[in-house]
Each structure stands twice: as C-alpha cells, then as structure tokens.
Amino acid sequence: FRRGLPVLSLLLWLCAVYFVGIYLFVGGFLLVRLEVNRTSTCGDVLHPGEEPGDFCRAQPRFRRAVVLIIDALKIDFARFDPSNTAPRPYENKLPVLEENVSSKPLQSRLYPFRADPPTTTMQRIKGFTTGSLPTFVDVGNNFASSAILEDNLIHQFGQMGKRVVFMGDDTWESLFPKKFYRSLPFPSFNVKDLHTVDNGILQHLYTTMVGDDWDILVAHFLGVDHCGHRYGPDHPAMADKLTQMDGVIRSVIDRLQNDTLLVVMGDHGMTDTGDHGGESQKETDAALFLYSPSPIFQAPLSQNEPDVVPQTDLVPTLALLLGTPIPYSSVGQVLLPLFSPHQQTEGAVGGLSQLEALWINAKQVNRFLETYSSMAKDIPPESLSQLKEEFARLSAEYFTSVKEGRSPSPHLASSLQAYLTSVRDTCRATWARFNPLKMAAGLAILASACLMCFVMSELSLLLLRENASGLKAPVAVALTVGVCAGAAQLLTRGYIEAAWCLAACAFGSEIPFFWRACRLKTPAVSKNGAKPLKLSRWLTPRHLLVPPLVVPLLRCASLLSDSYVIAEGRVVTFLVLSLVLYIPIHLNWNDLLLPQSLDPLKSAGLLPSPILSPSTVRKESNTLLACFGVLIGIMYLSLSFHGCREEQGFCQPSPFLSPLSRLQDSQVKNLYYILSVISLGICTYLLRHCLCHYGNLNSSSGTVFTAHWILPLLSVCLALHWAVSATPEDSFRKLAELIRMAQLALPRAAFCLLGLGLGLIWLDPVTVFVKSRTSASSRSSALPLPRYRASTGISPQAELRHLIPQIYQRMRRSLDPGELSGGTEADNRPTVEAYGLGTVYSAPVLLFCGMLGIGLLLLHPEGMALSFLLLLLEMGALLHIHASSTTLSGMHGAQSGDFNVPWTTVVVWSLAVTQFFHATGHLPTFPSIQWGAAFVGFPDGHTGTILPALLVTLNTFASHILFAVSCPLLLFWPLVRGSRSGEEGEDAVMEMRLRENPQQFSSALLQLSTRYLFILGAQVFSSVCAAAILRRHLMVWKVFAPKLMFEALGFLVSSTSLLIGVTLVLRVDMAVGRWFKRLIPDASR
Amino acid sequence: MWDHEIRAMASAHAVIAASVFVATVAPAVFVPGFSVYGAHLLWICSVSGAVTAVSVAVFWLLGVSPPTKKHTLGYKLSRLFRSCLYVLLSCLFFHAVVVLYGAPLIESALETFSLAVLLTCLTTLRCLCVLGPNVQAWIRVFSRHGAMSVWDTCLQITVACTLVGAWVGAFPIPLDWDRPWQVWPVSCSLGAMIGYLTGLVAAPAWIHYHRKQLTYKCK
Ligand SMILES: [Zn+2]
Ligand SMILES: [Zn+2]
C-alpha cells in the first residue's frame, strides 16, 4: 500500500482543489435563502404593542385594484419627453402616463421601479407578490413543483375573501395553483410569439372590468418582453407594441371606478439587446405607474417623494391600502406618499396615516427578521444586533410620543424609514447579489486545477519517481497561506469567511506543485530527447486539430449554447460516434488496421517490419471492427431511452421511462416486464461468463462467493421486486398485505445483498486458485517440460491460457534474489498453477461495477434494464476496441514498459458518461429528477432527508458512478486481451506485468485518473464559464444554472467514485502482494 | 516534378467546379422560383448529376483510371456492373451512417437518402474513377503511405474535405435560429458541397507546394 499512497493522495488533493473551486463559484453564483413558511393573519399580535389586529385596524383605502403587469416595461419606455423630436422606436410611445401625471397630479405618479436580481420573470413575480428577495434556490421550495409556498399577496387576498381574477402569462398559474377566483392563462413559452398572450388578455380584460365579480384583477402582458427578446428594443415592432399598451392603459383608466386603484408596472427592464436576468441598471429599472380616479396624493410634489421605488415596496403598500395583512416574509417598506401625513379620525375612509403605516410595517419586518435569524445564520450577526438595537430605540421613542399625545416628530418617521431601508439592504446583501469576486476566484481555481491535472497526467511517471516525500510541501504551504488569509480577514473585516480561507489554501497548494513541475520539465527533456515539451511545437495546427482534442473542445463549447445544452443527449452521442469512428480511420491511416503482408511496400523494406503477425493483426482488426459495429448499434439504440425537456416541443419521452405500474394494457406490461427481466438476466450472465472465462471463479474467496451466489440472488430479488411493484393494487385483494410486505422487504433485501457483496469484494478481492503439483514430471526437469498443462478435472472453463506457472517463478526470482544466485534452475521449476492470476486485478473491479450497476438499476424504472444492458455492452465494446487498438498500434506494455491509456479512449469514456446520463432517462433539469427512487424500499416515505437525498443522487448519477468506478479497467483490458494474441509463453503474464513494473503501474494509474479528471473538470469549467458569462441570458435559470448544478454534482460523484475505483485497485494490489508472500513459504517448504 | 499532372488536375477541378456552379444556376432558368433552400432536393439532384457526368467524362478523358487487364467486352461489362453495384451500396452505406449519426429514421427518409446520394457522387464516384471497383484499394489509399500517384493524394484530400464538410454541416442544426438553411439536410449537403469545392481547390495547391516531399512508388 505504500506504493499506492502517493497516487491516492495526489488524486485526493486534485479533487479537493476542484471542490474548492466549485464551492467558491457556486457560493458566488447561486444565492440561497431559507423560506419562512408562516403566514400573517388579521389577528396577529405584533410586538411591541400587544393589541391584536394591527394589520386590519383601519378601513381600507381602496376596495379593488387593477394590476397591469407589462413584462419588461423599462422606465425609459414609460417616460415622455416632448422636446424629443426624433424619438427612437421605444421612446415617447406611452404618452398616457405623462398626460395623467401632469394633468392629475393628485391622482397619479410615475416612479422608476427597481427590481432585484435575478431579473427573470418568475423570480420577479415571486418578488413582488411575497415582498421578499427570491434567489435561484429558495430552500424549502420543493423542486418538483414551482408553486410559491411562502406567504404572498395573492394568498392574503384570498384569505380576506377578495376575488382575484388573473389573465396572462401562464407562469402565474404554476406559481399560484388554485389560488385564483378565475384564471385565464395563456402559454408564455414561445418567445417569438408576440401576440398570443396580449390578445388573449384583451379579449377578456374590458368585459371583466365592466362586470362586478372581481376585487383584484391581475393582467400580465408579455408582448413587450418577447419583442425585446426577438428584435431588441430599438425596432419598429417595439413601437407598435408600446403603442398598443398605451391604448390598453387609456381604456382601463376610462373604465375605473372611484374605489379602484390602478397599478401599471414592469417586472424588470431590459438591456440594449433586449435581454434581462442580470443586475445592470438597464435590467433592474422598470416603471411603476399608480393611478386612482379619486385623489390620493396629498400634494403635487410631496416632501418625501422617493427617487426610485424598490420592487419589494409594492407589497406592503398594496396590502395596507387594500386592508390585508402584509405577507410574513416581506421586507419592503410602505410608499409614504400614498398615505395621509396626518392622524385621521377613527373610521375615516382615508385609511392609515403615514406614521401608523410605517409603524405596522416596521413591526412586521422586525418579526420576520427575528423568525428568519432563528432559522438561518446567513445574516451577519453584528448587523443583526445593530438592527435589533435600532428597532428597540425606535419603538421606545414611538411609545413615548404616543403616550404624551403630541404629534410625532417628522424625525421619527424618517428614522423608521431608515430602519426599514437598512433591513432591506442587509437582506439584499445576503441574498440578492452575485458575488463576482467569488465567482472569479472559483473560475481561476477551476482553471488551475484543470491545468494541474493536465501537467500531472503528462508528468505522472516523473512525479511519482522523484516525489517520494509526497505532498508535504503543498500541504505546508496551503496551511500557511490559509491561516494567513484567515488572519488577514480577521484583521480587516473582523470575521472569517471559510470560503476565502479554502481558496487561499487551494491556491497556495498549487504554487509548489507548478514550481516543481517547471523544474521537472528540464531534466525530462534532456533525459530523452524524444519527448519534447516545448509549447511552440505543440501549437501547430497538426497537433491541435486531432480529433481527441477537437471533440472535447467541441463538447466544452457546446455547453456555452442553450440550444446545445437542450439537445445535449444527441449532441454527445454524435460526438462519441465521431471520436470512435476516428479510431479505425486513424489506425488505417497508420497502416495498422490491415495485415502488412499484403502491402508490397514491406518487401521493399520501406517500412519497419511489423511486430505482430498478419494473422494476429487480422484477428485484432476483426475484433475491433465487430466491436465498433456493436458500439454504433448500441449508441443508436440508446437514443430511444431519452426523456424530454419542456423546451423540446414535439419530443415524446421514451416509453421505458414510466414505471410498469402505470401501464394500463396488461399485454404491454407483461412484454415490458419480460424484456426487462431478460436484459437483467443477460447482464448477470455476461458478468459471470466473463469472470468464468478468465478462470476467476475457481477459488473460494469472498469475491468468488459474491459472483456465485450474491450476484444471481440480487438479480432474482430485483426481478421479484419488479413483479411485485407492477401488480395493480386492486387485483389481489387478499394478498394486499403480502404485497405490501414484499414491496418493503424485497428492495431492502437487495440493498443488503448489495452491501454484503461489495463488502466481500472489498475484504477478499483475490480470485486466484492455486493448485500445487508435486508430481514427478516436474522433478525430472532435465526434459523440457511442456510449459502448460491442460487443467483437466478442475474446471472446464479455466483453459490453457489462464494457467500461469511462470508467474510464480518470476515472482520468486524478484522476491528472493539470494536464492536465485546459488540454487539451480531445475529445483525451482514451477510447481504451482494459478488460475485467474492473469486477471487478478480486473476481476474484482469488474464484479464490483456489475454489482453496483444492478444495485443502481434497482433505483430506476423497470424499463431501464434494457438501457443498463446497453451500458454494459457499450463498456465492453469500448474496452475491446481500446485493447485491440492498443495491440494493433504496438503500444504493448511489454515493449515499451508503460501502460499509457491514450487520450482518445479516455475522452470517449468520459463522454459516454453524459451519453448514458441521458440514455437512462435523466436530463439536467430539476423537474426531470426521478423522485420515485427515494421510495424504493421505503414506500411509506422517510423521516430524515439524508437517505432520500442519497437514493435520488445515486439514481441521477448512476452512469457517472459506473463509468468512474470502472475507469481502471481501461488500464487492465489491453493486458488481459493482449495476452491472447501473443501465444508465446512470456506473454501469458497478462496483468502480472503490472506487478513486475510497480513504478509504471502506479504512474499509469495516476495518469489514467488525472486524464479522466481533466476531461470531467474541463466540462465543469466550461459550464461554470457558461453560467458566469451568460448570467443575464434569458435561459440562465432554466438551462445554464441547472446544467451547472448537475455538472458540478456529477463531478463530485464521479470523482468520489473514481477514488473508490482506484482504492479498490490498490486494495487488490495489496492483497495480491500478501498472497504472494503467503505462497512462498508454502512452496519452499 | 509532376507539373503536367498538377496542371491537368487543376483544370479538371476547374471544370468540375464550373459544372457545380452551372448545376446550381441552371435550374433557376427552367424552374420558376428555384432556390437552393426552397427546392433543395432538386438542387441535390442536379448537382449530383452534373458532378457525376463531368467527373466520369473528365477522368475518362484524362485516362486516370487504372488500366484494365483484359479488354473483352464481358470483363468491361462486369466492371461496369460492379461499379453500379458499388454506387448503390455506397448510397445505402452513407444513408445508414447518416441515420446512425442522428438523422430521423422514417420521417425524412427521402431527404436523408438524397444526402447519401450526394455524398456518394462526391466521394465514392471519384474513388471509382481513380481506383476502379476495388474496395481493397480504396481502403489502402486512405493510409499514410497508401497514395501511389498524385491522383491518389488528390483523392485523399477531396474525400476528407467532403466528409469533414458534411460533418461540420450538422453543427448548426440544433441551434434555434430558425433559418431556412438549418432545415435537414440543407446544412449538411451545403457543408459537403463547400467541403468538396474546398477540396477541389486545396488538392492541387497542396500537391503543388509539397511536390518536393512527395514520393510515390510505381503502381
Ligand atoms: Zn419578465
Ligand atoms: Zn424576458
């Protein structure tokens, strides 16, 4: 294990650096907020004050309200400048607002209305109904549906018995299901469609307004926003759209009654290109127009007229004007100009006075702050305590002024306002702002981690050879730098943020590595000139335009485009196919695919004579082409298991994705069940056959026990479980109890079997069967013995080629040099036959993967068994192609002594992960997560959250896990397969060659893992880049941010699985070493 | 060194390119409302036909094709028959490959097949003209040392350019730009054609600039 430790620690360190990068970026990009699931009611007692009914104390100022939301109504669109003689298409198109503001100053106002980022429609609707600052991830929100669970205005209106009529953007319908008295949603998905929603609203708006069965009317127009996305603001279509809106507002104003408030607002602005989502002022500044047929404003130009109205402020204002409680989580403050400045007599129509409104508002915000800070700790404690003190001071002041009966000073009102503003600013700083510094640091760390992976994979041998002391320097530097960063933070800011310390550690640890790598390069070149590492020579188009480099580049580039992310499944399949096609073409280009003997050039002596015999070449190339055909077929079939994103309009999800219990037709159900069971059977059979074929099933170790008993038992369990869960509940009334039992017990038994099997493999991985032969024939070694004995009687499967007597001899020689010098060869003639020694490494890994695969299949819908079979076959085909091409291209371990896995193979392997992510019915979107996995074996639900989260993660990232764990097989397979072609005795050592070159073995293992990590890391990096660059793209919260989260989580799972795989290999290596040690004393006796 | 052959190649390519141009423009005269996107299948037909006819004629006139061993009518007929068979098989092969790469299986089979026909005319036909109906030789040509004449090198370049062009042509299809040339298989066939034309230009140029390095064994 000493040998494996550097490999493992280097990999761990790499992964840690990646994780820190991802953590930093995500911390700056995805803002997380806890949802407070409490609601306000009229009877709430707001401290201090103690009298209930604060919210509903006064007569409401308005009975009804019309809220017209014009999506993306930027403030620039709403302003009117009469001096502008040559207006642009978006300027001066809404004169109705200016006309009203100037002609009826007591009835109307126009304000800039500032939204908080993310400025996307859904987050904004959440924002101006809850009064809070929604982030991308509102914890507590269930991902499966997007309904708002937090307290909100619509809920409050419903509580107060107001009839809310909604028309327009159908996002509302999904956010507030069943909350409306009447609802007329129109599809909002097609951005190119400018008119459907608007015309739909206009058909019903006026008739509804004239009628009397509504109290709150919400109409959400989408035309302006879609026009911006399609043409940009500076386009004649925008002029038409805004003019249409002008007409709409005019008609609505004409139909208003005295008790009705009109609110015209934009949910966000837009950039000059018509996009939104980010935090620039062009995106955040929308328009807010308030109008009432009767005067509400006290003076044409009030003293405390705000310059800009934050979007959160609409919620408390509307709530108090309409006489409903302010939603619990609102952090807005009331718009003072809408309230009368002086105390009014009880029961007057005027409603609350300014100070009363502010006081209620402040108490409500204080209550929310207290509740939130008891739930979550993300608000900095010192600002929290400051706010508390401020509120205590203000309430004391308020009570003294009320007691003394004097009119409160204007100073108190402005202090209350200042308090509310500082609460909102604190919350905003915590929730609603990207942290560009963290994002940049995360990007930098990820980029350097990728570079480190690349350097490590190129220098793996040198690193392992010259670096016996391991990671002492990086760890020391990292700790020093981390502590320094912490101390610096403590000195400058007074508190420590762990993220920055981690970042400093990650950066710090990289410095010594790169420094050493730079120094390492120089001797590397001088030692063997054949390996030039000069960058300039690498940057020629001939080196850069090779498919193994172009395909990952294309893959990374494809993550930057929303269309490609949406079509990811097909795109990845296309790329994998292209790269696989490159393998035979490349071999043919190098004259390696066809036997050389046909070539007349060979006789001319122009080419070096081939290493392999023509028959071998023919056999290998036939294998390669056959596997290639199989692979292509599999990839084509795998396309039929894809799910569908909502963006893919005419797509039909695969029929295999729905669980059997949902199928109605029993004939089809039976067919699917049989298909699934057959594929499961084939999977199991193939695994066992492969082990058996290489003679690994003869011994009596734990692994063999697993293969013999646990694997079939697991499959049977699975098949029974499918059968039970597919039976319709009402068909066997009498057996209902039994079925329920089975639904609980079968999957749990399968989990136990899986755990047992994996544990046994881990504990006892050596699958070698030893047969000692002390026959006379071996004594009389003067005769040249037949090197191999057919092993009659022991196992028919263990064939000739798997007996490896030489191994033992070699090992002995290498272990006991003293004996060799004196003793004669004759006495040390092999007396031991070892079955399955040639595949001693790959057998446990293979079985481990197979068991894991069947276990993961348990978490999937039944139909996915076919897909898992395809996955297994694709793995096999890829391994065979890799082995054959390695043999054909003469990169045989025996010749060169190194076991490099070429980039092409690693790239295909890592792209296949994404391919099968899609082909097992997954998609990088939250609605497509297969939640059913959480209830496998737990049909009655869970109490905790860790177990279901684990099960869903295992289900989602099944292909990541399988491909990562089986990654070391790429290293072994050429050796396993390669021995077949070389019939000479020396070649029959198979994987024992790895043991003979321990240095090369660990370096190849390190290289393989770092290459794999590099490709995965590059994908994470590019999806992180996509999220950072396109953070104000229309699709950022729909496509890029979920993609980033899936990619990051996938990387996490992949790297962990890879570490498990590598550790398993090292564990086997250790066990084999112990096995040899045990063997030698036995034999020498 | 092979100035004569390079010149012949350049002029042959010029003729083929001109025929492509004519085949693109000419249908507009006869068919009202013809455009490359709008009547794409017609365009593919006319271009394929033109390339086929002109290539066969040019290569026959130049005498590039491998010398036939026997001159009996029966042998020639069987060669012709085999050539036709290979063309058909190659169409099916390309169709299968394109479907495997993700083209719809049933919906637009005609479009897919017309793309396969175009690819056959641009690649397989040239192989037939230069190497004769001999698959072994075709496979052999596409290796580092496989080219045995300037024409073989030229074949390598044009075929590679055409196929890469068709491959690159698939990239714009998933984008949501809603352009007429994104419709299947317009971008792929345009890509293949552009690749082919590039190959026609690039092959003589490349051979001209590398004529010092090129050495061929006699056939
Ligand atoms: Zn919007
Ligand atoms: Zn929009």
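The backbone N, Cα and C atoms fix where each Cβ goes, and this holds for glycine too.
All TrEMBL annotations are machine predictions without curation.
According to TrEMBL, the transmembrane segment annotation covers A:7-32 (among others).
Long-range neighbours of the transmembrane segment (A:439-464) within the same chain, counting only residues 6 or more positions beyond its ends whose Cβ lies under 8 Å from a Cβ of the stretch, are 6-7, 10, 14, 17-18, 20-29, 500, 503, 506-507, 510, 513-514, 517, 520-521, 524, 533, 898, 999-1000, 1002-1004, 1006-1007, 1010-1011, 1013-1014, 1017-1018, 1020-1021, 1024-1025, 1028. Positions annotated as transmembrane segment by TrEMBL: A:439-464 (among others).
Annotation source TrEMBL lists transmembrane segment at A:471-491 (among others). Listed as Cβ neighbours of the transmembrane segment (A:471-491) (distance under 8 Å, sequence separation of 6 or more from its ends, same chain) are residues 9-10, 13, 497, 500-513, 516.
TrEMBL lists A:497-515 (among others) with the feature transmembrane segment.
According to TrEMBL, the feature transmembrane segment maps to A:571-589 (among others). Long-range contacts of the transmembrane segment (A:571-589) within its own chain (CB-CB distance under 8 A, at least 6 residues past either end) are made by residues 547-548, 551, 554-555, 558, 564, 621, 624-625, 628, 631-632, 635, 638-639, 878, 881, 885, 888-889, 904, 907-908, 911-912, 914-915, 918.
Long-range contacts of the transmembrane segment (A:622-639) within the same chain, counting only residues at least 6 positions beyond its ends with a Cβ under 8 Å from a Cβ of the stretch, are 569-570, 573, 576-577, 580, 583-584, 587, 593, 867, 870, 873-874, 876-878, 880-881, 884-885, 888, 915-916, 919. Feature annotation from TrEMBL assigns transmembrane segment to A:622-639 (among others).
Per TrEMBL, the feature transmembrane segment maps to A:707-724 (among others).
If you look up TrEMBL, you'll see A:745-763 (among others) marked as transmembrane segment.
Among the features that TrEMBL reports, transmembrane segment is placed at A:840-859 (among others). A Cβ distance under 8 Å defines the sequence-distant neighbours of the transmembrane segment (A:840-859), meaning residues of its chain 6+ beyond its ends; these are 680, 683-684, 687, 690-691, 694, 696, 703, 706-707, 710-711, 714-715, 718, 721, 747, 750-751, 754, 757-758, 761, 765-768, 865, 868, 871-872, 930, 933, 936, 951, 954-955, 958, 961-962, 965-966, 968-969, 972-973, 976, 991-992, 994, 1061, 1064-1065, 1068-1069, 1072.
Long-range contacts of the transmembrane segment (A:866-883) within the same chain: residues 580, 583, 623-624, 627-628, 630-631, 634-635, 637-638, 641, 656, 675-676, 679-680, 682-683, 686-687, 850, 853-854, 856-857, 860, 901, 905, 908-909, 912, 916, 919-921, 959, 962-963, 966, 969-970, 973-974, 976-978, each at least 6 residues beyond the stretch ends and with a Cβ under 8 Å from a Cβ of the stretch. If you look up TrEMBL, you'll see A:866-883 (among others) marked as transmembrane segment.
Feature annotation from TrEMBL assigns transmembrane segment to A:957-976 (among others).
TrEMBL lists A:1050-1068 (among others) with the feature transmembrane segment.
The list of residues near the transmembrane segment (A:745-763) in space but at least 6 beyond its ends in sequence, with Cβ under 8 angstroms from a Cβ of it, reads 702-703, 705-706, 710-711, 713-714, 717-718, 720-721, 724, 844, 847-848, 851-852, 854-855, 858, 936-937, 1064, 1067. Remote same-chain partners of the transmembrane segment (A:497-515), defined as residues 6 or more beyond its termini with a Cβ less than 8 Å from a stretch Cβ, comprise 13, 16-17, 20-21, 23-24, 27, 438, 441-442, 444-445, 448-449, 452, 455, 473-475, 477-486, 489.
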